[in-house]
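Worksheet for the structure shown next.
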Amino acid sequence: MITNNECNPVYWTGLYSYECFLNTGSGKKVRPNKVLLAAAFKKTTFLGNTCLKVNPKSKFPNPKSKIIFAAIMSKSTDELFKNVISHAKEYGFVFPSSEIYDGLSAVYDYGQNGAELKNNIKTYWWKAMVQMNDNIVGIDSAIFMHPKIWKASGHVDGFSDPMIDNKDSKKRYRADQLLEDKIAKYDSEGKTDKAEQLQHDMDEALKAEDLTRLRDLIIEHEIACPVSGTRNWTDVRQFNLMFSTQMGAVADDADTIYLRPETAQGIFVNYLNVQKSGRMKIPFGIAQIGKAFRNEVIARQFIIRMREFEQMEMQFFVRPGTQKEWFDQWKAARLKWHLALGTDAAKYRYHEHTKLAHYADAAYDIEFEFPFGFKEVEGIHSRTNFDLSQHEKFSGKKLQYFDPEVDPKTGKPYGNYVPYVIETSIGLDRMFLLTMINAYEEEDLSTEDKQDSRTVLHLPPCLAPVKAAIFPLTKKDGLPEKAREIMDKLKLDFNIQYEEKDAIGKRYRRQDAIGTPFCITVDHQTLEDNTVTIRHRDSMAQERVPADQLDKIIGDLVSWRNVLS
């Protein structure tokens, strides 16, 4: 609850509605009607969030009175998340896969606008990672690889999740996720001591791979099945996440192979090919964008956890002993990449791993605050030389690098060694959802005289699926022909849409909903002086500009320079 005695502008973060009570001084609180409320407050955007701001021009509230804001979460985080999912489908961003056959669990298709947004995110990552670094190159390795690769990497024996079943609902859950949900609940209730203790106990159990202890924690903290409401649990068991299939014409003679659960191994087995063919010197990196597959037993939260997903990974090969320095550099650089898109820094945090993967000596996650809590979007890991050493062992091939640089301690070349590796790994689908959620706003445009609103995606212009939309004001008088003439010139450089149906206001709203940063209107004045009206999505401001300068104007505003520099 926020008390505002002087009626100065007050910002309240969150996509929620609100109630306001006027304290009359006699102890009686009066609830103003909607018209007064609309006049008293205006929605605005502050640090990327939807906020409420007191309207200083309003006669209500009285500056001498005491105003009490009661922030009511009538639009809960669940509702917000559902609205984003609904919006994604309605406007061609994400569809359930195989929907006419009732869909396939945890598998999604990207629609026409989703494919464009996804490709733009990939382009941003590739430019920042490969194009802007002269010692990082990209590859595209195969999804199917020799099965020994996954034996060497530890995935065949160790790539599993601790699962627990509820005997009444017959539903299966990840034991660690049940505990994490309980920790989040403790935090939301202000029980920080309990949350910290449970986090510590869970981390210790995971580190020791103590499945019995995980079950004991679930029982001790009275965690019930979300479906049945009971605490009738089985023992915790490990479940392997890799998809397997057969390669060969005859099943009896076929070899069992796996759909890759990560793209990293395709980089490791090509490390020496890239190093030699590209004459790369340590330190250097290899980047890759590609599909990965995991047989997630519990797939949830839309595209957060899917069975088929896409990764953007980079493995940076360094001299042993320098990994800590490079780890810190990449940890900072990756967060900077996220923040360059204009996202509020408060929505991000680092999370240090207490239980390290079998290949790592340090690991941090970059987490984003989704409507359902903080979730990992990118991992930075110091993988040591585990992967390359394992592939040396299982393949029988040397994967050492000869370093001619002189070691100042010995005065001799560093010589042959297996490089250490710093990994940055970002889930493209999670980044997609992050971008959608961060951009989504239900903006109240109401005035004292009129109720109005719009749904808008405040996407960074460089990521927007459509860069500009061209509208003829009417369907006659040669305006459509002139509009298409302008569009034909612009579409050589930008993804452009043409619209002539409905009133101009409705066309604006449709483009706002897909995040189009600029709308260009061709009217009768265009035929006279070759100028057009360009309308900006976020401010809704309009300006008159020469049509022959549109390519430069739009080009400057959507340029990758705005985020890469």
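Cβ coordinates are placed from backbone N, Cα and C, and glycine is handled just like the others.
Summary of the site annotation: TrEMBL records substrate binding at Arg174, Phe309, Glu310, Gln311, Met312, Glu313, Glu423, Thr424, Ser425, Ile426, Gly427. Screening the candidates Glu222, Glu262, Glu369, Glu481 against this entry identifies Glu262 as the one listed for that site.
Counting only the Cα atoms, the space from Arg294 (ATP binding site) to Phe309 (substrate binding site) is about 8 angstrom.
Summarising model confidence by region, the domain 'Aminoacyl-transfer RNA synthetases class-II family profile' (222-472) averages a pLDDT of 92.
Val377 (ATP binding site) has Ile426 nearby among the binding-site residues Arg174, Phe309, Ile426, counting only those with a Cα within 10 angstroms of its own Cα. Taking the Cα of Gln311 (substrate binding site) as the reference point, the closest of the binding-site residues Glu296, Arg305, Leu428 is Leu428. Glu313 (substrate binding site) sits 18 Å from Arg307 (ATP binding site), taking the Cα positions as reference.
Reported as a whole number, the C-alpha separation between Arg174 (substrate binding site) and Arg307 (ATP binding site) equals 15 Å.
Of the residues the record lists as binding substrate, namely Arg174, Glu262, Phe309, Glu310, Gln311, Met312, Glu313, Glu423, Thr424, Ser425, Ile426, Gly427, the two whose Cα atoms sit farthest apart are 26 Å from each other.
Put simply, Leu428 (ATP binding site) is 8 Å from Phe309 (substrate binding site) when counted between their Cα atoms.
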